[in-house]
2 protein chains.
Amino acid sequence: MEIITSSKAMQERALQLKKQGYSIGFAPTMGFLHEGHLKLVTQSLQENDVSVMSIFVNPLQFGPNEDFEAYPRDVERDKKLAENAGVNILFLPERTEIYPNEPSFEINVKNRTGVLCGRSRPGHFNGVATILIKLFNIILPDHVYFGMKDAQQVAVVDSLIKDFNFPIELIPVETEREEDGLARSSRNVYLSDEERSQAPHLYKGLQKGSEAIKKGEVNPSSVIHIIENYIKTNTNGKIDYIEILSFPNLDTLEQIHGKIIIALAVKFSKARLIDNIILEIHS
Amino acid sequence: MEIITSSKAMQERALQLKKQGYSIGFAPTMGFLHEGHLKLVTQSLQENDVSVMSIFVNPLQFGPNEDFEAYPRDVERDKKLAENAGVNILFLPERTEIYPNEPSFEINVKNRTGVLCGRSRPGHFNGVATILIKLFNIILPDHVYFGMKDAQQVAVVDSLIKDFNFPIELIPVETEREEDGLARSSRNVYLSDEERSQAPHLYKGLQKGSEAIKKGEVNPSSVIHIIENYIKTNTNGKIDYIEILSFPNLDTLEQIHGKIIIALAVKFSKARLIDNIILEIHS
């Protein structure tokens, strides 16, 4: 596995690969890799000549009271996991390589962000859009791989690529779960033992909601109440949001129909977890 | 000359050219072509395998009280001029090809815009940045050509390319002038005969300022007064601004030194003209 730390060297390498006619698959990560990240690589390897992973904890997408400093990091372990997964090039820039100066441009994401994490993390997706424009231009991928656990990120990247005409195809990859159903997340390490045993109930709650919808419930509030009660009964987590929206437009719904997302965020003592289910309802 | 009107077809053509190993030079324009635009093409032809010109009057970079509707257009004449200049591909999209929906993202240009045209045209460079990110991704150029008449645009594009890591080299091209010194501009057609005879004094005023600096004047205000008096005496135009700044950072200067720009904007009855001189002063 090739490790590149300079933006210029990475871009030159990508340009060289493109000139040689190779396709590039790209999985952007913030490191502390888990099965979910590695699954992105597995799929990229199947669909591209060269697979690039980036590890960069992007300060711009953390709010002032969020966990940028505390975000888990273990670069040496990540290098081994990436190499074992088959990553061809690991892009591992320092902060000064990505932001040598204060950025001259601010990106304001107007659509698909007034809901879900966009509402509880103002500015988060502006930071995500900024780093992705940069990474797309440095790595020049044909395909980019994003996990569906952050479904809103997938929705925003979808519109970023379309709105700015990037010559890139977005490949959303299904959420990777522990055996008990908990969505894999770098932040899971911050759960206490008790919280870890409760955390699978987030997904179980989503499944309860999904079952109700499949049985014919069309009222979003009723479904949300089912999930809310289930999570309150089975965990000590503090519900940040439970929402049912159209996907990928993330519009609010009077009635449940079409392609929809049931998404939630729950705060435990040191970790805020997110999860979702997407389903298609044709009445 | 190939004419392409669809964004998708243009991008596919560009990807195909890149795969074949061709370099692409790109001159973005708003049409109503004059010698200044054609000079961009001439230089692009010398430095690239394929030269692309775009013609698109970008609504996003016009303010609500500006001349978007009145901006001069003559596509049939432009096609002939572009073909004669040697343009290989003319990208001529309709508005709906570029903005099929309301944009989901706003770009806010924070640096280099609180001065010159950025101050008198709020939002202008946000619109410029938006269209350029799109055009860069559609046309995938190796080199982009911009005229130095809009020096602030050159400065903003310089930081756009660096900040977002576009794999593109910016080539600023010297301002093309009429024989009497007036900078070529699509808006010159809106000058009355009297204004047209006065307009060369904008450049003459800049030259007066430049001479004073070369003779040792280091105080920006003194130089600005010289230019201001000259223009007020010799034209009926209304001065929008006369400024002396560092270039390309566009910082204000206590004392004139290093690489600087003397720039002005003057409003005539139906046309607002800009011009500038860049010079390097080593004391």
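Using N, Cα and C of the backbone, Cβ positions are placed for all residues, glycine too.
Taken verbatim from TrEMBL:
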- A:His37: active site, proton donor (ACT_SITE)
- A:30-37, A:147-150, A:184-187: ATP binding site (BINDING)
- A:Gln61, A:Gln153: (R)-pantoate binding site (BINDING)
- A:Gln61: beta-alanine binding site (BINDING)
_To the nearest Å, how far is the Cα of A:Gln61 ((R)-pantoate binding site) from the Cα of A:Met30 (ATP binding site)?_
11
*Might you list, by sequence position, any residue in that chain lying six or more from A:Gln153 ((R)-pantoate binding site) with a Cβ less than 8 Å away from its Cβ?*
A:Phe125, A:Val128, A:Phe146
*Let me know how many other Cβ atoms fall within 10 Å of the Cβ of A:Arg184 (ATP binding site).*
18
*Under a three-state reduction of DSSP output, how is A:Arg184 (ATP binding site) classified: helix, strand, or coil?*
coil
*Report the same-chain neighbours of A:Gly147 (ATP binding site): residues 6+ apart in sequence with Cβ closer than 8 Å to its Cβ, ordered by sequence.*
A:Gly36, A:His37, A:Lys39, A:Leu40, A:Pro172, A:Val173, A:Glu174, A:Thr175, A:Glu176
*asked:* For a quick check of understanding: among the recorded positions A:His34, A:His37, A:Lys149, which residue's Cβ has the most other Cβ atoms within 10 Å?
replied: A:His37
*According to DSSP, does A:Gln61 ((R)-pantoate binding site) fall in a helix, a strand, or coil?*
helix
_If I restrict to non-local contacts, at least six residues apart, and a C-beta distance under 8 angstroms, what lies near A:Phe32 (ATP binding site) in its own chain?_
A:Tyr71, A:Pro72, A:Arg73, A:Asp74, A:Asp78, A:Ser186, A:Val189
